[in-house]
Amino acid sequence: MAKTYKIAVIPGDGIGKEVTPWAQKALEKAAEGVADFEYENFDLGAERYLRDGAILPEDEEERIKANDAILLGAVGDPRIKAGILERGLLLKLRFDLDQYVNLRPSKLYKGVTSPLANPGDIDFVVVREGTEGLYCGAGGAVRRNTPQEVATEVSINTAYGVERVVRYAFKLAMKRKKHVTLVHKKNVLVNAGDMWQRIVDKVGEEYPEVTHDYQHIDAATIFLVSDPSRFDVILTDNLFGDILTDEAGSVVGGVGYSASGCINASDEFPSMFEPIHGSAPDIAGQNKANPTAAILSAAMLLEHLGFDDAAKKIHTAVEADIEELGSTVRSTDQVGKDILARM
């Protein structure tokens, strides 16, 4: 008898509500016979905030924690000041659920046009540390709005936090092309950079089959557009990862075919999977949004739960659909139906 997994579903705002159901349908079809899913929907996002001022009520967060994984659609609304939902919902979940790996695959599918003249075979993944660095909220400001104002942002890197994400990267590389590239700026950020390098060297000794090298962040951004096929697993910190993942999305043709995961690799808390596109309020409710990225986020969820064969069904169906029909104009529902029909 197949095990039942509990999935927290946060459709969010805009097109998130339209694409998330297709991720759920893909989950169910791909895992048919090997896993069952029980969903709990959460009304969180811009619409909820505008309605009653709630961002992430404590009782709802506790219910989310009781699930095996989280599917997120998209969150955002131009009526809300930037940073409110990002910090109050997305970052709060990431930190409270200790989702210390931000995983962003980047693959150029046949049928998708890259902005690069000669992109080559692009298929790499960025492993970004997700709970430390400059995004952990350390810092402050004094004498605001005066000529003497001082503002600081403090980057915090711990050996514990770095080592666990380094180990994740090497384990992932063993399933791929067995190469890890550390990206940092250790010639300037000498304290953090040195610690990252030493830990990579130490962990690398435990994985003799995996080669590893190093690039400064500025060099890496150049190689991402001049020779992206050289990369397999890119390992980096929170800030540099934020920059590289956006660039990575652009070289494979944009956000329409890209998903990401915020991973708690210890499984102490649920991990969260989502398309990287936004809520796109300009096309919301018009059945125009492409659900492919949301469906790919379902594949990442299956991989995280250990159902690699089921995830492969989704990947194979998506690749075939994009190659044959990716350039055609289709509705949200038609794209979803076409992909599911190939599974």
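Note: Cβ is positioned from N, Cα and C throughout, glycine not excepted.
Predicted, not measured: the structure shown is a model, and the values here were computed from it.
Copied over from Swiss-Prot, here are the features:
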- Arg94, Arg104, Arg128, Asp218: substrate binding site (BINDING)
- Asp218, Asp242, Asp246: Mg(2+) binding site (BINDING)
- Gly278, Ser279, Ala280, Pro281, Asp282, Ile283, Ala284, Gly285, Gln286, Asn287, Lys288, Ala289, Asn290: NAD(+) binding site (BINDING)
- Tyr135: site 'Important for catalysis' (SITE)
- Lys185: site 'Important for catalysis' (SITE)
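Recorded features from Swiss-Prot, shown on the structure.
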residue	record	DSSP class
Arg94	substrate binding site	helix
Tyr135	site 'Important for catalysis'	coil
Lys185	site 'Important for catalysis'	coil
Asp218	substrate binding site	helix
Asp242	Mg(2+) binding site	helix
Gly278	NAD(+) binding site	coil
Gln286	NAD(+) binding site	coil
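If you compare Cα positions, Lys288 (NAD(+) binding site) sits closest to Asp242 out of the recorded positions Arg128, Tyr135, Asp218, Asp242. Taking Cβ-Cβ distances under 8 Å and a sequence gap of 6 or more within the same chain, the neighbours of Arg94 (substrate binding site) are Gly130, Thr131, Cys262, Met272. Using Arg128 (substrate binding site) as the reference Cα, a 10 A cut-off selects Asp242 from the binding-site residues Asp242, Gly278, Gln286. The Cβ of Asn290 (NAD(+) binding site) has Val19, Gly256, Tyr257, Thr332, Val335 as same-chain neighbours under 8 Å, each 6 or more residues away in sequence. A gap of 17 Å separates the Cα atoms of Lys185 (site 'Important for catalysis') and Tyr135 (site 'Important for catalysis'). Once Cβ contacts within 10 Å are tallied over all protein chains shown, the binding-site residues Asp218, Asp242, Asp246, Asp282 are led by Asp242. Separation of the C-alpha atoms of Arg104 (substrate binding site) and Asp246 (Mg(2+) binding site): 9 Å, rounded to the nearest whole number. Looking at Arg104, Arg128, Lys185, Lys288, the recorded positions in this record, the fewest other C-beta atoms within 10 angstroms of the C-beta turn up around Lys288.
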